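These notes concern the structure reproduced below.
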Amino acid sequence: MAFLHSHATSFGYKQVPEEQKSKLVGNVFSSVASSYDLMNDLMSVGLHRLWKDRLISKLNPFPGMKHLDVAGGTGDVAFRVLERINSVSHRAMQGTLPYTEEDTQIYVCDINPNMLNVGKKRASERGYKEDNFLSWIQGDAEALSFEDGSMDGYTIAFGIRNVTHIEKALSEAYRVLKRGGRFLCLELSHVDVPLFKEIYDVYSFSVIPAMGELVAGDRQSYQYLVESVRRFPNQEKFAQMIQEAGFARVEYENLVGGVVAIHSGLKL
Amino acid sequence: MMRRTATLLLRQNGSGVGGGIPQALADVLVCPLSKKPLRYCEASGSLISDAVGVSFPIVDGIPCLVPKDGKLMDQDQKESEDCTRILPTTNEK
């Protein structure tokens, strides 16, 4: 039987053949795309905004940079990078900058076209002219369509746990970054703090799927979400994987006791 | 010397659907399978990877460069005159 010989990977707590995982993940995100932003706010009690802000300040964007945000279809991270760059530009108007603001390019890559369409729509609602600074590409984190050494920065926020082969995504991130480029990953992680861990578990397994049912009409997708977080490697293990992909100065920062972690690395 | 995608693509008048692809994308996009330059086919509005003989669609102005969504081109399509043979330009950003 083919199943016995194929590799299995985790989809939440279900073991599924590898080929199926990306299809199942795809279905999850087509389903969640429209209520994605609202659910993020509800599940994290608005905290995801602060977490993304923290991600951007660690990134330290600069005018003229080429930045790739992966799995960021709806544009949350991309808009923050742009806004940060705009504010840096204005503050630096007095002095001379090595790059002009016009060279700034933010590439948003997502495997799901629904998420990208939401992002594009939000971009125009915010008054960003089409194709000015922002580019939207449908692509696979495991096989990026960007040239070697083309990016100053790479971010992936709440996306890497959905990738079938994390090592491939990490080595692709390494490939597309320039020397001196930075890798940053914001992801749900592992809580070890006693008592808080138990509360967090109850919240995750009871409250979140119910919220998913109520708000998005989709309990199953949010059940998957919660399970995928538990199956994802812990902070130390993930840091090790980033190092194995070739990154140097790998470190991580826990937020809210490890509910989320920001891992970073440098391509030397 | 390897030709970059930028030299294989010509920015058409304006950007968006049916108008070629913007310079920002031409500068960095490559085939996700071979990592080699892509060519824009005006007739089909798709991006061609000659290295692996695969074409990738552009839908609503968004290039779809997921490997499994690429279409293998048959010999006829590869030699088709409909795809504009784009000359390299000196239009480097």
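Counting begins at 1 with the first residue displayed.
Cβ atoms here come from the backbone N, Cα and C positions, even for glycine.
The Cβ of A:Asp110 (S-adenosyl-L-methionine binding site) has 29 other Cβ atoms within 10 Å, all protein chains considered. Residues annotated as S-adenosyl-L-methionine binding site in TrEMBL: A:Thr74, A:Asp110, A:Asp140, A:Ala141.
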Three-class DSSP secondary structure - A:Thr74 (S-adenosyl-L-methionine binding site): coil
Coarse DSSP state, helix versus strand versus coil, of A:Ala141 (S-adenosyl-L-methionine binding site): coil
Largest separation between Cα atoms (Å) of residues that the record links to S-adenosyl-L-methionine, namely A:Thr74, A:Asp110, A:Asp140, A:Ala141: 16
Against chain B, in sequence order - binding-site residues A:Asp110, A:Asp140, A:Ala141 with Cβ under 8 Å: A:Asp140
